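See structure below.
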Amino acid sequence: MDAATTAGLSPAPTTHSRLLAWVAEVTALTTPARVVWCDGSDGEWQRLTGQLADAGTLVRLNPELKPNSFWARTDPSDVARVEERTFICSVDPDDAGPTNNWMAPEEMKQLLGELYRGCMAGRTMYVIPFCMGPLDAADPKFGVEITDSAYVAASMKIMTRMGTPVLDVMGADAEFVPALHSVGAPLAPGQADVMWPCNDTKYIAHFPDTREIWSYGSGYGGNSLLGKKCYSLRIASVMARDEGWLAEHMLILKLTSPQQKVHYVAAAFPSACGKTNLAMLEPTIGGWKVETLGDDIAWMRFGDDGRLYAVNPEYGFFGVAPGTDDSTNPNAMRTLAQGNSLFTNVALTDDGDVWWEGMGTPPAHLTDWHGNDWTPGSGAPSSHPNSRFCTPISQCPILAPEYDDPRGVPISAILFGGRRKTTVPLVAQSRDWIHGVFMGATLSSETTAAAVGQVGVVRRDPMAMLPFIGYHAGDYLAHWVDLGKDADPDKLPKIFQVNWFRRGDDGRFLWPGYGENSRVLKWVVERLEGTAGAVDTPVGLVPHPAAIDTEGLDLAYADLAAALHVDPTEWAVEVPQIAAWFNQFGEKLPGILWTELDSLKERLR
Ligand code: SAT
Ligand code: MN
């Protein structure tokens, strides 16, 4: 079947023969009713969102409150990433390692090939050329997503550089990552569609050896917007291993001190632990300024000057909605106020705006994420804890102008953070690169609603990349170690560990977080510039409470001291857990990380 004729629209807008062949092959396999090549235009957005609104998948929000914006509700079973159904299909099972699900590539392709057969019947197949990172990069990273979800096509316009400009730069033979997605819900002739088509059977499959992505059964962001976690982390981490760079789950921010000194900071936190809030932070200390470059993913390469430069491959924010408001993240609220956004699984107000938990006093009536009437007495939250906003990065009022610079920005500091009630101090600086890699390798966090499964369980999450490393985690840690070996230590970013989430014995947060985290960033900068002191503790260099600027902050000294406290008995519990964590990587774990663990044990004695 010929894609262009099936479309009954314009002919395929490319002469890229491998792309045309792949589109023809997928068309023949999945038998869509029509094929549409996405051009990325505003007209196309209007068409897609209009059709989705007609179909009942989207509800148009009040244009006076949220112009050109829409509310979506998913099937209640399709609300988060499905890590159990996510596979790294390397040829050698050892390349997937103990932290990934593995299936042989031929076996997965056979299995999914059967599921894909006829799976787009009655639907439109969208072909979305996209580029992760600036199009004018020296080595632009292209992808093409084929999907039968108009919601995905519309979301990809926000999250990536996509459409005709990408095809133009791809020309006739550029390399690209083929990324196939289907919701797995074919329509028989005359069959009415449902609001959120998806399938109980789900597979999120990656083929790192051939750099392909096949996703089936889910329409939810992280499972279906394949440029994001699937490409920019799982596949890109493999590219990065092979090409000597890093693809990381990190925000990028620009920090300017009152003396007008600029530092760029990258920070890794697991999903739903506040990356978007930190990326858009409004400092509470005078004279400091934060600007945003990215809130989720950083690609980092060494520049000719020996420094590590970071680029945000994305073009939008896909942030957790609940907890976001004018006090916790005013810049996100200003970004959203401009409209042009999709909101998924939040609540709808009676005047056609969105609402979610954390926005202050709830209205007397809402439509909740299930589509039901909701009142403050309803008992259950109005919004799913992993409900999301999807909004263009260009609307961020504190966007750093260099966010679009293909050379990226030189990183001075890397923060590794997790959500831990106990043990881990508010901030600690590593002694050197290897100690910093050890901090990242042993990072742990309580699980959140961003992935299907139990919430609040502590798990190790190396560099906040546990669900996103596209190869053996031991090899990944060795890659981090190796990059430091060849680099000039003075030019390497300094590595810090942070924990905004430590609690007192009474369960209350010891540190206020949000904008107040600027006080921790200030100490980080003072460490970079050699002007702040630190206490040498068994786990790293920790500020004395007096070294944190608390001017204007209503915080008991005892709470700050407790937030910074390193308790050897708590850490003694951690040591065997780290050893068990390391043991599963066998020979692949760089020996130097065992040496780091031994030194930690020694210092704890
Ligand atoms: O749904 S996403 O995977 O894109 C968000 C996240 O879990 O970080
Ligand atoms: Mn994320």
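Easy rule for this one: first residue shown is 1, then count along the chain.
Quick reminder: no glycine exception, Cβ is built from N, Cα and C everywhere.
Residues or ranges marked as domain 'Phosphoenolpyruvate carboxykinase GTP-utilising N-terminal' in TrEMBL: 22-241.
What TrEMBL records for ARG81, TYR220, GLY221, GLY222, SER271, ASN386, SER387, ARG388 is substrate binding site. Taking Cβ-Cβ distances under 8 Å and a sequence gap of 6 or more within the same chain, the neighbours of ASN386 (substrate binding site) are VAL79, ALA80, ALA272, VAL320, ASN345, THR448, ALA449, ALA450.
The Mn(2+) binding site annotation in TrEMBL covers LYS229, HIS249, ASP296. Cβ contacts within 10 Å of ASP296 (Mn(2+) binding site), excluding its own Cβ and spanning all protein chains shown: 26. According to DSSP, ASP296 (Mn(2+) binding site) is assigned to coil rather than to any helix or strand.
What TrEMBL records for 245-603 is domain 'Phosphoenolpyruvate carboxykinase C-terminal P-loop'.
Residues or ranges marked as GTP binding site in TrEMBL: ALA272, CYS273, GLY274, LYS275, THR276, ASN277, ARG388, ARG419, TYR514, GLY515, GLU516, ASN517. Counting Cβ atoms from all protein chains shown, CYS273 (active site) has 23 others lying within 10 Å of its own Cβ.
Summarising the annotation, TrEMBL assigns active site to CYS273.
Summed and averaged per residue, pLDDT over the domain 'Phosphoenolpyruvate carboxykinase GTP-utilising N-terminal' (22-241) gives 98. Ranking the binding-site residues SER271, THR276, SER387 by other CB atoms within 10 A of the CB puts SER271 at the bottom. Ranked by CA distance from ASP296 (Mn(2+) binding site), the binding-site residues TYR220, GLY222, THR276, TYR514, GLU516 have THR276 at the top as the closest. DSSP assigns ARG81 (substrate binding site) to a strand segment in the three-state reduction. Ligand 1 lies under 6 Å from the Cβ of none of the recorded positions CYS273, THR276, ASN386, SER387, ARG388, GLU516. Checked against ligand 2, the binding-site residues GLY221, LYS229, THR276, GLU516 give no residue with a Cβ less than 6 Å away from one of its atoms. For ARG81 (substrate binding site), the same-chain residues 6+ apart in sequence whose C-beta sits under 8 angstroms from its C-beta are ILE204, TYR220, GLY221, GLY222, ASN223, LYS229, SER271, ALA450, ALA451, VAL452, PRO467. The Mn(2+) site is set by LYS229, HIS249, ASP296; from the centre of their CB atoms, other residues of the chain with a CB within 8 Å are LYS228, SER232, LEU233, SER271, ILE297, PHE468.
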